[in-house]
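Database features, via TrEMBL:
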- 20-46: transmembrane segment (TRANSMEM)
- 39-290: domain 'G-protein coupled receptors family 1 profile' (DOMAIN)
- 58-80: transmembrane segment (TRANSMEM)
- 100-122: transmembrane segment (TRANSMEM)
- 142-166: transmembrane segment (TRANSMEM)
- 194-219: transmembrane segment (TRANSMEM)
- 240-263: transmembrane segment (TRANSMEM)
- 269-292: transmembrane segment (TRANSMEM)
Amino acid sequence: NSSELSPSSFILASIPGLEAAHFWMAILLCSVYILAVTGNCTVLFIVKTEPSLHAPMYFFLCMLAAIDLALSTSTVPRVLSFYWFNTREISFSACLVQMFLIHTLSAIESTVLLAMAVDRYVAICHPLRHAAILTNSATAKIGLLAMARGVVFFLPLPLLLLPLPFCSSRLLSHSFCLHQDVMNLACANTTPSVVYGLTAILLVMGLDAILICLSYILILKAVLRLASWKERLKVFSTCIAHICVVLAFYVPLIGLSVVHRFGKSLAPLVHITMGNIYILVPAVLNPIIYGVRTKQIQRRILNLI
């Protein structure tokens, strides 16, 4: 009697005792979201209008910007409506769609980061073959492959949740829908969903992280074979921006996973904060990092200003 085949809606999490501060929290969140949208749209505009940036590395950067725009836009407006208008309920179907978008876009971003690591490896270790290997056509195919990989691996997540009965408790741990969060509310055996979710994450994000580390081990070996420290620093400095972007993506992802696995007794503030960091930090930092590290982008931004 306390469960149903599919709930009509879920209830988004709020921070107990801080309901009166929702308006100001929304102002802060909205400001960060506007910064993320402005930064990523600027990157897309500059790469599109600057012929010297029509190269694989900057096309991958455009893919990152588009993914960050889609990921933040699929979550933040709904969170803002919750904070401003107290619309805490999200329909079951909308929750599953949002969950699918979050996990799929994260998988696509992870694949693009791996492709950027391979780009750096080829540019440093095989510079004469770089133009022949990473052509514009190959870059476009990698982007399509990243999209297909994300959809194929993470489309089953909402499908596995559809037939499950859910308990009377419909309160989520975040201000948006994540697979593990929704799955924990089910009143049935969730072993297939748990096993598949863990397998998908390990085969996508986990494998990508290992291959990125392997790429940089090979890059370091090539860099250390150079004659002088000045040459080594000059070559390796071309990887600094990508390393920072990788850390901006994987550190919040790992932090959110740890909170879900070991932080059931933590305050709701921790869960909500880690969720917002996971969604917004990469979207805000990526254009800033590449804007600081890329002289062509700096010049174009100054010209626009």
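Positions of Cβ are set from backbone N, Cα and C atoms, glycine also.
Curation does not apply to TrEMBL; its annotations are automatic.
By the Cβ criterion (under 8 Å, sequence separation of 6 or more), the transmembrane segment (269-292) is not in contact with the transmembrane segment (194-219), since fewer than 3 such pairs are found. Taking every recorded stretch in 20-46, 58-80, 100-122, 142-166, 240-263 and counting its Cβ pairs under 8 Å to the transmembrane segment (194-219), the highest total belongs to 100-122.
Listed stretches 20-46, 100-122, 240-263 were compared with the transmembrane segment (142-166); the greatest number of C-beta pairs under 8 angstroms is found for 100-122.
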